[in-house]
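Right, one structure below, let's go through it.
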Amino acid sequence: SAPRCFLSKGLHDISVLKGESAELSFTVNKHDVTGTWFKDGLKLTSMDGVVFKKEGLVHKLIINKVEDIHAGKYRFQGGDIKTEAYIFVEDPPQVDPVLLKNLTSIPTVAKAGQKVQIRIPFQGRLPIGAAWLKDRMELTDDTRIRVDKTDTFTMLSISSCERKDCGDYKVRLKNDSGVLEMNLKLVVVDKPQPPVGPIKIIENSGNSITIAWKPPKDDGGKPVQSYIVESQQVGKDSWVALGETPRSSTTFTTNKVEQDMSYYFRVRAVNAEGSSDALESEEVKADSKASPGAPDPPEVVSTSRDSITISWKAPRKAGSSQIVGYMVQKRQKGSGTWLLVTKTPIKGKQLKVTNLKKGLQYEFRVAAVNAAGTGDASEPSQPVIAHDPSKSLGQVLDLKVSSSDSSSITLTWKRPEVKDGNDVRGYEVEMRPSKSLSWTKCNALPIAGTTYTVKGLQPKEKYFLRVTALSESGPGEAAEIEGCIESAALIVSPRFLIDGTVKSSLIVKAGDTLRVNIPFEAAPNPEVTWLKDGVPLAKQAAISTEDDATKLLIRAAEFTDSGIYTIELQNGIGEKETFTFQVQVKDIPQPPGPIKLEVNVLNTVTVTWEPSASEKWESDLHYTVLKRESEKGLWLVVGDLIYNNKFTFTRVIPGQDYYFRVVAKNNMGASSPSETVKPWKIKKPKAQVEIRPQKYRGVNQNQPPRFLVPLKPHVVTTGSECHMSCAVGGHPPPKVTWYKNSKDLSKNPDYFCINDFGVCSLVIPMVTKQDEGQYVVEATNEVGRASSKAFLTIKG
């Protein structure tokens, strides 16, 4: 009996992009196999837009241009043979590549107040969802912003732009075949905000005033070029332009002032869009005096029974001329009358004041003198008694702190030793904070007893205290408490001071430094404990705690540092407070594994790869496939947002070398690539396969050539692929020849000419500027001749 017919290789499911070619094929073991093709149970004929071919033992069904109607279940049946497979037609959202590149690489710039419309036409299987996002939040319609979508485009409209509209926008187009995301940038430029005030008066004399300000917080999106300064005399209506300063200078000195007259000043910032609103000053009077400022209070150097020696320092402001001396005044404590010690200025900075009365308290003050006159007097010195220091009392005895609380300290002491009948008339207590060098008297009248409570102290502050015995001869030698006395602290329940800078969820890139600063308040200082997932932190985490904050530092974050962190505050009386936050440590993905290439369908290649190791812990990981057509060519993206480990590239040109690359991506970045090492290609057929032409009903056998679809102009960027096509009819089938600038391209290896049943294509794998020009396709047969032409423009 005859050998039984069987399948050597059956049909396989394929997924094809809309508009591309598709091919189903199977192999049998006998040459004489015949049968019928079906789609979704209905018999197919060549009139249905498909072509049937048989090459030896291989049977093929070819669709030159796949449309949505071609999706479905296909079956071949004949004799003992039955095989079936599905064609899935993918039609993801697409945007014109030139428009897409312009939108994503060139920011949209608008002036404040202008209307902005960003319109993005798209193609793809409906329905297509469109969303516009800014700062990860989807935009919704309001009084200024409107998002429109039709079946062919989406558009963002902003009726009146503001500076807050600046930023990065994302457009997401999605249908059941895939997702297309585009990142756009909108820049809104405006005049600057006013300079930051208040306007400060740096110098003020009778004939000039110097003012200062700070740059504006917002320069309007364009650099500040200068500042305009104006003045207005009080009582007048007009403003006078004083001048401009460069952007680097925020001070201005004017001599257009008159002594004792008052003025307002205003400053405007200027950029390329215009000038800001004005920052205005308070009323400023042009000071007619240029005399010195007041010195600090004078210090007591020494005393005697009828004299006191004082010293002082020069004032911080010398005025408009050099200081020539100082005037010294004195008064008895309690008197309102100051008396000059000398009638002429003193050259030095020290003076012995004589002819004083023993046992009286005196105060002194000093004023500097220059050519403009005498300046303001200093504050009075500390009161001092004219007395003989040899008869002064000694220190009080056994000075100590008897008690303290959060706002007071109580001191006790014993009387000093008394000699020469110099009896104690009372005591004086002084204190100073540890951060100050000035002593402050605590009691207004002499203290009769040997105990005193210093009140009004601040919690947690440190103070120095001293006690001086007073006698008829004056104050004795002060006794100072040894070391610092820290007033008792208030008890404040622990609590965390959580504001906008403290986040409950942190994402850190692996290897980066993780810093967390958590402020709190508590008194006394609490015990601070850090936990991770309920367990005390490991040693590699550096923890430091100060009076008002606790900090976590991990210099190189690892994946194991991800988790829930808890901080506990507990004081000495058992009060506890906790705060919890989450840390996620992420990294760019590990690279994919080795790439494999497999040809299942004519002029297509299926790229598969081993998954990235990061797939185990990354939920948002996806892949991008790139190709180039020479060892040093540009890598071009052919597939993106791929969530499996397989991609089919359908536009393979026979005889062309290809290299493929796959990278893994997540929201942290892209991995190192996995690449094919050797070039890959499909062999170019040596001879064109004779295929029985389609029979068209109702058409004459002999027809001159005619272009059913003419050539169209193309605009492409340097380095990309150009695919020019047209459709030609006629009988006998016309011979098609391509020309550029009248030169035949048939034998030029830089171009690929394809005639696929009347659909004629010219492919330029990687265009350069030299490819720009006019292209002509000519069709000829024995009945006639026809041609079509178009211009190719190269950008970038």
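The backbone N, Cα and C atoms fix where each Cβ goes, glycine too.
Taken from TrEMBL, the feature domain 'Fibronectin type-III' covers 195-289, 294-389, 395-490, 591-685. Taken from TrEMBL, the feature region 'Disordered' covers 276-306. Taken from TrEMBL, the feature domain 'Ig-like' applies to 494-580, 705-793.
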| For the domain 'Fibronectin type-III' (591-685), the mean pLDDT of the predicted model | 85
| note | Reduced to three DSSP states, the domain 'Fibronectin type-III' (395-490) has 0 helix, 47 strand, 49 coil
| said: Is it possible to list how many residues within the domain 'Fibronectin type-III' (591-685) are helical, extended or coil according to DSSP? | reply: 4 helix, 41 strand, 50 coil
| said: Let's see if you can do this one: DSSP helix, strand and coil counts over the domain 'Fibronectin type-III' (195-289), in that order. | reply: 0 helix, 50 strand, 45 coil
